[in-house]
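First up is the structure itself, then whatever we jot down about it.
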Amino acid sequence: MAAVVEVEVGGGAAGERELDEVDMSHLSPEEQWRVEHARMHAKHRGHEAMHAEMVLILIATLVVAQLLLVQWKQRHPRSYNMVTLFQMWVVPLYFTVKLHWWRFLVIWIFFSAVTAFVTFRATRKPLVQTTPRLVYKWFLLIYKISYATGIVGYMAVMFTLFGLNLLFKIKPEDAMDFGISLLFYGLYYGVLERDFAEMCADYMASTIGFYSESGMPTKHLSDSMCAVCGQQIFVDVSEEGIIENTYRLSCNHVFHEFCIRGWCIVGKKQTCPYCKEKVDLKRMFSNPWERPHVMYGQLLDWLRYLVAWQPVIIGLVQGINYILGLE
């Protein structure tokens, strides 16, 4: 590696030729990385003005794209959410196939197959009576699994940063890869299931008739009926249910436990499904992990933007650089 070090110091066209003549087959992975790093520096030496121009293009594109996305979301939220959901669902598939992440691909196919079936059931008219329960149970299950996976991944990352992985004789890179992978799985599928659940919740509630986007319900809600699923409520609010309890909101409307949890937590709705009154989540859910609080929502929005729109923006920047002849 002494020759490589000299090349890095000397630079110039002669340095590039010497780097190209280096035999990579007899080098260790770390030494190969150093050679590739030196080649990159030799190739781009003297292009500082061009690099500054490329950085300005990147910053300008990010700012303009962010402004356009915000305006689109405010003016046409339905189309924005649908396009974003589609991109979040499809973009990781491209990178998975390209980088041979077969484990992620298997989980993605299983999740997509079940979610497609559940979404199909949720969008049928007339709506089968058991469909709302099926939809909310599935998405609530994915919600809990994604939360647990994300927490385990976060703990693994923190343990690695504090060196606790050495107690179990695990290499830092292996422990960090494990933690980051679990963290990504939890956040990605957490965002994806919440977006699908929100779409299904709108379809089902509008079909049942107790909820509409205009705010005016098309049916009258009786005291013993759940406005989310449209089924009879047999357990009184003061009674302890065998399978599930009955919740009463501050507006005095009552709901099945699974239905209102699915509506608020999974479907991202924080108003009564019937009268649109604000739901007091602190009173309804004592477990802080079940509250869709502001910080979690901001984190999901950031991850949604990163997965769905960042590759599109980077591709646009590369296209602009190619047209302008920048490299």
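Every residue gets a Cβ built from N, Cα and C, even glycine.
All annotation found in TrEMBL is predicted automatically rather than curated by experts.
In TrEMBL this protein carries:
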TRANSMEM  54-72  transmembrane segment
TRANSMEM  79-95  transmembrane segment
TRANSMEM  101-120  transmembrane segment
TRANSMEM  141-163  transmembrane segment
TRANSMEM  175-192  transmembrane segment
DOMAIN    226-276  domain 'RING-type'
TRANSMEM  302-324  transmembrane segment
How about the transmembrane segment (54-72) and the transmembrane segment (175-192): do they have 3 or more C-beta pairs under 8 A, pairs 6 or more apart in sequence? no
In the same chain, residues at least 6 away from the ends of the transmembrane segment (141-163) whose Cβ sits under 8 Å of its Cβ atoms read 111, 172, 175-176, 178-187, 189-190, 193-194, 197, 265-266, 289
Given the transmembrane segment (302-324), its same-chain partners at Cβ distance under 8 Å and 6+ residues beyond its ends are 54, 57-58, 61-62, 65, 69, 84, 87-88, 91-92, 187-188, 191, 195
